[in-house]
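Here Swiss-Prot flags 1-159 as domain 'Obg', drawing on sequence analysis. The annotation domain 'OBG-type G' is assigned in Swiss-Prot to 160-327. Look at Swiss-Prot and you will find 166-173, 191-195, 212-215, 279-282, 308-310 tagged as GTP binding site, backed by sequence analysis. Look at Swiss-Prot and you will find 173, 193 tagged as Mg(2+) binding site, backed by sequence analysis.
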């Protein structure tokens, strides 16, 4: 399935049904009074988060959505039926924005969460409503109210517990494939990964979701390369795993480039807990390994983990560290929610 994380769509709620002009028609009742019913309300437009989706690709092929018009009122004071609603089914993590693509309407973060984007028009009054002391047989009824028309943006920010960041070819996709059942495209050239991939990692009876973000380069926050578009997918993560390839001549600079982009992007990414790891260490001799670990430690201010997806060196240790931070974050979140209650 192709990945799409942004879509512009046009929605319109249904018009209300027209009220009816009707009079009682009964045997032995020569002048029956008015009995025109009201029109039904127009259908609403809703957005709802469903399980099993991680792309907005369906909205590439259909951009216009219109709810049904309410049924017209009928005689015998019968109100018309409500028009059918339209429900936009989206992945968990979808945000809805106004036409300017900046004003947030709602943030859909849980399966089953619904939000009404456009309310259907009210039905028109039937002629029964227009009876007065001087007009006992009104021949007038209201048309239904017009529906609401809006242009909106859907923007998906994947919900993952851990995010993988690093320069192109840092080994992010290889790591994801090694510790989860995900099957990202892997090749020996930059920008092999063109969209985020998700995988579920398991360690010591615990499981969490990891997001692999396409490689960043210097200037990504200004739109260079793939730009910073995909950084939005790690905004919701609890921890970042920053991979620095052992193939880099200057591992300190490689680390600093990504840190600079995280800080330039803002939105709290630079403040997230970070685990730094030197990847592809199976390609180094002991002396070179020692030198690169020392340089990276100096740059990041902590002892980097050593990783190799080929020899599986350090994989379990890395997962345990990620799980520990994620557990702490979840516990803190649960404590905050409990305190608010």
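Backbone N, Cα and C atoms are what each Cβ position is placed from, and that goes for glycine too.
Remember, it's a predicted structure, so these values are computed and weren't measured experimentally.
Between the CA atoms of residue 308 (GTP binding site) and residue 173 (Mg(2+) binding site) there is a gap of 12 Å, rounded to the nearest whole number.
Fewest other C-beta atoms within 10 angstroms, among the binding-site residues 166, 214, are seen around 214.
The two recorded residues, residue 166 (GTP binding site) and residue 173 (Mg(2+) binding site), show a Cα separation of 11 Å. Sparsest Cβ environment among the binding-site residues 172, 195 (other Cβ atoms counted within 10 Å): 195.
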